[in-house]
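Straight from Swiss-Prot, the features:
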DOMAIN    24-106  domain 'Lipoyl-binding'
MOD_RES   LYS65  N6-lipoyllysine
Amino acid sequence: MSDIPGDLKFLKSHEWVRIEDNNRAIVGISDHAQNLLGDLVYVELPNIGDHLDAGTTAAVIESVKAASDIYSPVTGKVIEVNTTLSDKPETINEDPYGEGWIMVIEMQAPEEISDLLSPDDYTKVLESDEH
């Protein structure tokens, strides 16, 4: 298992969020998730301006193995999407915590962050899934 950056928060469904200034939340999927999915072949991104509620489907990724919904970790408005993924979905496989980010959400309820998993808690979820 790769190192999990300490500045991230997670959903049990393997999405991560990195909080920046001005209530901006960058969202992607974990290294564990991209490993499970295998080689990604398609990413359906949300539209800029879309309103997302925490826990609802925000995007869809498809691999050679399966399609998987990506859930929004926070409530807010999509203000940016990673258009690189349209042509190079494998960027998520190559750099899930960096260049493989999926979208940026302007959070409307920053307090939701406290409901998300810390890197240590997420690691425990992964370890319990393996047994």
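Just so you know, glycine gets a Cβ as well, placed from its N, Cα and C.
If you take the C-beta of LYS65 (N6-lipoyllysine) and look for same-chain residues 6 or more apart in sequence within under 8 angstroms, you find LEU37, GLY38. Note: the domain 'Lipoyl-binding' (24-106) comprises 15 helix, 35 strand, 33 coil (DSSP; helix = H, G, I, strand = E, B).
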